[in-house]
Amino acid sequence: MSTTVYHPVGTARMGPKKDPTSVVNPRLQVHDIPNLRVADASIMPDIVAANTNAACVMIGEKVSDFIKEDWSDNSSKHSEL
């Protein structure tokens with residue numbers, strides 16, 4: 001058992017839906033919960049060798065790209081909202 005009070009990472013494992021220990025897919029979508037994504041240090045499998053802030057910013061940027069792609073791919077679907 002280990003613990004930290006500083007930079008916890010790796011609590012939302014990425015993997016296929018059939019893996020009972022995984023939480024998100026490679027596009028950071030939470031399994032079985034539509035429109036919910038995880039965009040923080042919890043998806044990192046290992047802690048970086050520095051402060052986690054820069055890595056979290058990059059994760060957020062990547063998730064924003066995924067969301068933009070999803071909305072542009074389904075623009076006609078979302079135009080009614």
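Using the three backbone atoms N, Cα and C, a Cβ is placed for every residue, glycine included.
The feature domain 'Glucose-methanol-choline oxidoreductase C-terminal' is assigned by TrEMBL to 3-60. Averaged across the domain 'Glucose-methanol-choline oxidoreductase C-terminal' (3-60), the predicted model reaches a pLDDT of 92.
Annotation comment: TrEMBL describes 1-24 as region 'Disordered'. Secondary structure by DSSP for the region 'Disordered' (1-24): 0 helix, 2 strand, 22 coil.
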